[in-house]
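Read through the structure below, which is laid out as structure tokens, and then see the notes.
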Amino acid sequence: ALRLAGGRSRCEGRVELEKQGIWGTVCDDGWDIPDADVVCRQLRCGHAVSVHGNSAFGRGHGPILRDELGWRLSGGRDGCAGRLEVFFRGTWSTVCDNTWYDPESAVLCRSLGCGTPLQRLSFGHTLPGKMLYECGSLQASLAFCRWTFNRSAPCHQSRAVGVVCNGTGS
């Protein structure tokens, strides 16, 4: 679950996430327009117009959940196609294809507001980190699936995942 709080409408405000019944906030370290675009698309609010830090909409309560939101598709025709890159613990990572199947692609495309998956792509790993995801069902986002960060064994001999969704990020 995701919401914007403290703004003048449901499409403006402080980013808040719910995890296991508790609402938390998102730290603004490294938060930028592409990150905000993900939130806007998920809330069906179009595209991000601007980003405000320093608790512009008031301080939130609960845990800080910055690491939950930094994923993107890059290098494709728009924000709904390309190589999957995830920002976690201060590092951009690619995602290993060892456990990446239809459920993972469906979760990603839906959470980005990009519809359903059309095609799976494969790339070389060129970023510092590696993530691994396993989604048993259609979760709200990859953050709610089982995940592993920077463990070499599960990602051994893997390629980096890319996805083409049927929606457009234009």
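Using N, Cα and C of the backbone, Cβ positions are placed for all residues, glycine too.
Please treat TrEMBL annotations as automatic predictions, because they have not gone through curation.
Disulfide pairing as given by TrEMBL: among C145, C155, C135 connects to C145.
Residue counts of the domain 'SRCR' (107-166) by helix, strand and coil are 8 helix, 23 strand, 29 coil (DSSP-based). Every protein chain considered, the tally of other Cβ atoms within 10 Å of the Cβ of C145 (disulfide bond) stands at 19.
Sequence-distant contacts of C135 (disulfide bond), defined as residues of its own chain at least six apart whose C-beta falls under 8 angstroms from its C-beta, comprise P103, E104, A106, V107, L142, C145, R146.
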